[in-house]
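**Q** Let me begin by handing over the structure; questions about it come next.
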Amino acid sequence: MTDLIPGLPRDPRHDPVLRSEVIAALAIAPGERHVDATFGAGGYTRAMLAAGADVVACDRDPDAIAEGQALVAEAAGHLTLVHGRFGEIDRLLAERGIDAVDGITFDIGVSSMQLDQGERGFSFQKDGPLDMRMAQEGESAADWLNRADETEIADVLFHYGDERQSRRVARAIVAARPLTRTAELATVIRKALRHPPGAPKDPSTKSFQAIRIHINSELDELVAGLSAAERLLRPGGRLAVVSFHSTEDRIVKNFLRERSGGDAAGSRHRPAPIPLARAATFETPARKIRPGKEEEARNPRARSATLRSAVRTAAPAWHGNSGPDSSMKEAMSC
Ligand SMILES: C[S@@+](CC[C@H](N)C(=O)[O-])C[C@H]1O[C@@H](n2cnc3c(N)ncnc32)[C@H](O)[C@@H]1O
């Protein structure tokens, strides 16, 4: 299988993580309708189009939508680009007369395009305004860091960045306010963690990730997106989720475990679960897939990626579109 639509140029800006594995999990039949919930630079969308799918792709970043217009033209009627949050993907599709699809894919997190542009404020390696907003609206990282109290900042760094020294970093941030630039924030974090200049692993990585997840409400979005996918997928439809953080992966794992009844055997470390009150909406999820050594060497970002996938059953969705359910909220809780 080729990765690209014949005749379409390869996009050199983006090397999508686990692309072949995602496409294999989606098992696309020509003419099927698939949703790429995180369009980014369109790497997955191109591969879906090449496999013969009609694609509806969504992104909350207006730049991704603007840059994708060239692909819309090239795809000659087989691609629709939608600006919005995937937490509302069922509403966004309903507005376009679509209420069921054959596949939905999420590639959670920040794109290379966003990271590479210093002025978007996502990177500790490129100086820029302390922004980090994917949708380019709402409260920026600077707004939040300059108003939140020390405990709130420490909790975010700990829970969304696994930063063990979160209190020390939060104290240093509060003492250095007001902060306006990414380079300033990175310097404050490195000093707080007594990072020797030139040492290999930059200690700001974890805090930048945590602040970005918080500013973009990424975990709430993931929970809402999974529920929306459950409502949208036809019987036999495929769900694929690539995540980059242990908390995100736990949300996906718990969702699929619960919805597939995969917990039924329990484990010797856990009490036997209460039998499923509702019919399983996903068939036994596939084992999680991690990138191979070759992909990790080619693309360092792939090192933390995990793919989970599953097939929709014919059972009704467990929840309407009134918001996330309690078990998923529990997986997210700090
Ligand atoms: C990792 S990139 C996707 C890369 C893409 N798979 C590709 O091949 O180019 C994630 C993209 O999802 C978008 N995104 C993240 N959270 C979103 C959300 N809740 N709703 C819509 N788009 C979102 C980001 O703006 C970013 O462009």
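The backbone N, Cα and C atoms fix where each Cβ goes, and this holds for glycine too.
So TrEMBL says this about it:
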BINDING   G42, G43, Y44, D59, F86, D107, Q114  S-adenosyl-L-methionine binding site
REGION    286-334  region 'Disordered'
**Q** So which one is it: of the binding-site residues Y44, F86, which has the fewest other Cβ atoms within 10 Å?
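**A** Checked Y44, F86; of these binding-site residues, fewest Cβ neighbours within 10 Å: F86.
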**Q** Among G42, G43, Y44, D59, F86, D107, Q114, listed as contacts of S-adenosyl-L-methionine, what is the widest Cα spread in Å, to the nearest whole number?
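**A** Across G42, G43, Y44, D59, F86, D107, Q114, the widest Cα separation comes out at 18 Å.
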**Q** Measure the Cβ-based neighbour count of G42 (S-adenosyl-L-methionine binding site), defined as the other Cβ atoms within 10 Å of its Cβ.
**A** 28
**Q** Can you tell which of the binding-site residues (G43, D59, D107, Q114) has the fewest other C-beta atoms within 10 angstroms of its C-beta?
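**A** Lowest Cβ count within 10 Å among the binding-site residues (G43, D59, D107, Q114) is Q114.
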